[in-house]
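**Q** Before anything else, here's the structure in question.
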Amino acid sequence: LLVPLACLALLLLLPPPPGAAEFSPSLDSDFTFTLPAGRKECFYQPMRKEASLELEYQVLDGAGLDVDFHLLSPKGETLVFDERKSDGVHTVETEDGDYMFCFDNTFSTISEKVIFFELILDNMGEDGQDEEDWKKYVTGTDLLDMKLEDILESINSVKARLSKSVQIQTLLRAFEARDRNIQESNFDRVNFWSMVNLGVMVVVSAVQVYMLKSLFEDKRKSRT
């Protein structure tokens, strides 16, 4: 489903500068929005030191299925620059501050683009807090065959695999949406040129019948 820019703005926690948006910290978030022709949209993501930011994007619809992508550090340094690409995956080790990433469609004057992107944040400190909460209940575990640490490790393993499954399913839906848009575009194109060819064949057939009929017409004038 497409997320309008007006609805996307409701997710922001802090007022962004003009032409920009910002996301609250989240372990896994994905968004889809429409980027008009000749426009550039930027988003901000606050990160912690020694964390990991993984960003994957895809152009689902629009002429050329391409867009310019920029990823900047809190110091304003360009970390990633993709020019006229349809998709990309980038992972960076972060420091404290706001990371900015932009999607640029200013090179297109006619076609708007439908863009999907997903953010995956690791080592944001939440798992460590959960582990500390578990440790408060670790008392007398020597009498148990399975310690609470083992249970915690198993739960974290299941949680990580479930999160990975959700991520893969989300990406598959994005691929399916892009393939469907391509198929519908090709279907419309085939129908258009089929009608053009049909029209040309009708005109050629009419001209041939007229020329063939004119060969058998008696053009001599009768005299009385």
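Using N, Cα and C of the backbone, Cβ positions are placed for all residues, glycine too.
Pasting the relevant annotations from TrEMBL:
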SIGNAL    1-21  signal peptide
DOMAIN    40-121  domain 'GOLD'
TRANSMEM  192-212  transmembrane segment
**Q** Need one number: mean pLDDT over the domain 'GOLD' (40-121).
**A** 91
**Q** Within the domain 'GOLD' (40-121), count helix residues (DSSP H, G, I), strand residues (E, B) and coil residues, in that order.
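**A** Counting residues per DSSP class in the domain 'GOLD' (40-121), I get 3 helix, 56 strand, 23 coil.
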